[in-house]
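Asker: Please read through the structure below; I'll follow up with questions.
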Amino acid sequence: MAGGRRAAGLALGWGCCLLLCCAAASKLEVSTPAVVEVEIGDTARIECNFYIPGNGSYSYIDWFYVDRKETATPQTNSRVRLCHVTHSEVLKDSTEYKERLSVGEDKALSISKVTVQDDRTFVCQVGAGSSGVGESHTELHVYKVPETPVIEPNTGGISVHNSDNSQIAKCESKNSFPPANITWHKNGEQLDLQENQMRYSRTRESSGLHSVSSILFDTVTREDRDSHYHCTVHYWLRGQRHALESQKVQITVFYPAEHLKLQVVPSSALVKEGDNVKLVCESDGNPPPVFSFYKRGLDDKWKELSSLAETDSGVLTLHGVNKSSSGLYRCESLDLDDMTQLEKEVELVVNYIEDVHVEMEPSSPLREGGSVTLSCDAHSPVALDYQWTDEKGRKMGVGNQLFLSNLTFETPNNLSCKVVAPSVPGLEQSKQVSLAVEGKPRIVAISSPLYVRQDEVVNLTCKAIAFPRPSVHWSVNGTAHEYVDNQHIASNLTVRVSRDLLKAGAMCRFSNKMGVSEKHIQLLDQKTAAESQGVIIVAIIVAILVVAVLGAVIYFLHKKGKIPCGRAGKQDIAKNTSI
């Protein structure tokens, strides 16, 4: 009994399923894409597929759009027909789409040059006679990719003392559809903002596109001076989220100084007298504080130097420093925002060389052939080297002492002791010393012998070297001119040659307190000398002729056999001798 009831139940179930399937198979089915996305300006294509039972044919296909300006309810049915399609023709209704729509052979609806107003619902309705009427809806989503966002940072600067949120930056992106969203990022990480930290606005342009903007508000800390901010615009496309990032920007942060640094430029170890020195005071605050400079005096009181300083830039310039510029300097900074003060001190050491002097032993007077020791000394806070040079810059020696022996008039008259500080480039001083070697005059040149003619006017010259300067005397009368160059003296005497002068010559004499030197100048008659030269030439010619004749005679005798020559000749002579 129970088995019969179960069989009856199964039969009833299968019967119901069969009826449902047959009913579904006998119903007209129409399908379109649920969503179609298209970029503004492109062509949208909506396909319409349908199934008619029994392989029947459609009677018509109507395309509609739902006018969102009307109250879209099933009762009002706010549809606007776009076109009526039959097997033989496509009839376009007088709508805003008439010039932009087309229907393909597959009955798909195409809309060209899509605008934002096309973002609406489209309906494909199919009529199939006895199979009834079916339809399907498609949401046409129109989109426009937003422009890359532009970010504008706050250019005025923000103080860390501001407890309220301050405007950090503004971000704007134009011409998107639908409206895009904006997020903020700091140092690459997205900010989780409260309602009072961001102000969002959206503007619909005349083109129907949207421009969005966002302003970021926040407090800042000292570390935000190095922070980078950027904004990102997010939009949806084909079911996926996309993003465009702005450039990264920094903001100006105002914060008080925590540390102060004071340094000497160039380094204090290299400062020398005459240099221009800068004391540079730097703080890590922004904006820089107001700087003041002071120097501690000998009475331990601080003297203000603001008149010499650039208080805004924190630079104190000292021109042409000297020994007295050395000392302890102080820089003080004052933050005008919170009136905090910092100070820093630095020691300035001006390197110098002073009191350069040279001592000579013996100190007076120096004799020719003698010797002398020169000692150079100076005072300086750094180690010194000594170099000796002559007036031509030639090196004479090193060390603070120089020993010269066998002094002569040729010994350099002026020597220089140069004192150098190797540890301070450019720091040096020099001291000159004069050497005067005394000795009797030494005649170094005379114009002798001098060929002259009687009654001729000639110049007689004598040159000598001596110190002290000697006096010059000539043994004959004439017009004398003297020329002096340091220890060298030259005397020119202009005279007319007389018979007595031609015969006796002239004598030049140099004398000083150290002694006397004189030289004789011989004058030769130019005519007599010419005759003597003629006699010598004749004698030389005669001698040459005699040698030539003698050679000819010897050659002639040899040819006649009168003069045996060679080994055979020697044997003949020996043979004749033995007979």
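A Cβ is built for glycine as well, from the same backbone N, Cα and C atoms used for every other residue.
Feature annotation from TrEMBL assigns signal peptide to 1-24. Annotation comment: TrEMBL describes 26-141, 146-252, 256-347, 354-434, 441-522 as domain 'Ig-like'. Annotation comment: TrEMBL describes 534-557 as transmembrane segment.
Could you place the listed features in the three-dimensional structure?
Answerer: The DSSP breakdown of the domain 'Ig-like' (26-141) into helical (H, G, I), extended (E, B) and coil residues amounts to 9 helix, 53 strand, 54 coil.
With DSSP states grouped into helix (H, G, I), strand (E, B) and coil, the domain 'Ig-like' (146-252) comes out at 8 helix, 58 strand, 41 coil.
Averaged over the domain 'Ig-like' (354-434), the predicted model reaches a pLDDT of 91.
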Asker: How many of the residues that make up the domain 'Ig-like' (354-434) does DSSP mark as helix, as strand and as coil?
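Answerer: Helix, strand and coil residues of the domain 'Ig-like' (354-434) number 0 helix, 46 strand, 35 coil.
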Asker: Counting each residue once, how many in the domain 'Ig-like' (441-522) are helix, strand and coil under DSSP?
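Answerer: For that range the per-state counts are 6 helix, 54 strand, 22 coil.
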Asker: Kindly report the helix/strand/coil residue split of the domain 'Ig-like' (256-347) according to DSSP, in that order.
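Answerer: For that range the per-state counts are 9 helix, 46 strand, 37 coil.
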